[in-house]
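Database features (TrEMBL):
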type	residues	note
DOMAIN	20-156	domain 'CMP/dCMP-type deaminase'
BINDING	ASN61, GLN62, GLU63, ASN64, ALA65, ALA66, TYR67	substrate binding site
BINDING	CYS72, CYS111, CYS114	Zn(2+) binding site
ACT_SITE	GLU74	active site, proton donor
Amino acid sequence: MKEIELNIRIRAYRYEELNEADRELMDAAIDATRRSYSPYSKFSVGAAVRLQSGTIVTGSNQENAAYPSGLCAERTTLFYANSRYPEEAVETLAIAAKNEQGFLESPIPPCGACRQVMLETEERFKRPMRILLYSLHDIYEIRGTKDLLPLSFGSEFL
Ligand code: THU
């Protein structure tokens, strides 16, 4: 028997500790929560990506009366960014979420399906995508999808 240990690293910042570019991106994700269409869950998620060129693209979760037909903010945003700017790598993805009481006390972890799509975006552009997860207290900085989805399935297995 041998044991395999996979390490992940998360850095936790206060909002005030973010550099100007990250703060701008986080603000864009926070603002995008206002454009969430979430009449069923009342859980508003906003995402913002900074592309290689510096362009910021935002998106939000879009729900549907047929529940599975809706889509999370992360995938809405990445699919839009990748379809509008197919040549541009995504440098950083910022995510913010609020429920009816307001923004969350701890960072929102993206769902499994979104993590898989994030991985594909990284593989497509062959560079890690930083992820920033907002909360009222800590903001998590994750250096790439591998730290969100260790032991991931990617195209190298096909
Ligand atoms: N949601 C996201 O947009 N991102 C996540 O990472 C988790 C969940 C959305 C989906 C649905 O519209 C609502 O939040 C409740 O699950």
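For all residues, glycine too, the Cβ spot is worked out from N, Cα and C.
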Counting other Cβ atoms within 10 Å of each residue's Cβ, which of the binding-site residues ASN61, GLN62, ASN64 comes out lowest?
ASN64
If you take the centroid of the Cβ atoms of ASN61, GLN62, GLU63, ASN64, ALA65, ALA66, TYR67, the listed substrate site, which other residues of that chain have their Cβ within 8 Å of it?
TYR37, TYR40, PRO68, SER69, GLY70, LEU71
Round to the nearest Å and give the CA-to-CA distance linking CYS72 (Zn(2+) binding site) with GLN62 (substrate binding site).
7
Listed in sequence order, residues not in CYS72, CYS111, CYS114 with Cβ within 8 Å of the centre of the Zn(2+) site Cβ atoms:
ALA73, GLU74, ARG75, PRO110, GLY112, ALA113, ARG115, VAL117
Distance, the residue listed as 'active site, proton donor' to CYS111 (Zn(2+) binding site) (CA atoms, angstrom):
9
Counts by DSSP class (helix H/G/I, strand E/B, coil) across the domain 'CMP/dCMP-type deaminase' (20-156):
50 helix, 36 strand, 51 coil
Compute the C-alpha separation of ALA66 (substrate binding site) from CYS114 (Zn(2+) binding site), stating it in Å without decimals.
19
Out of the binding-site residues I have (ASN61, GLU63, ALA66, CYS72, CYS111), which ones have their Cβ sitting under 6 Å from ligand 1?
ASN61, GLU63, CYS72, CYS111
A 10 Å Cβ contact count, applied to the recorded positions GLU63, GLU74: which residue has the minimum?
GLU63
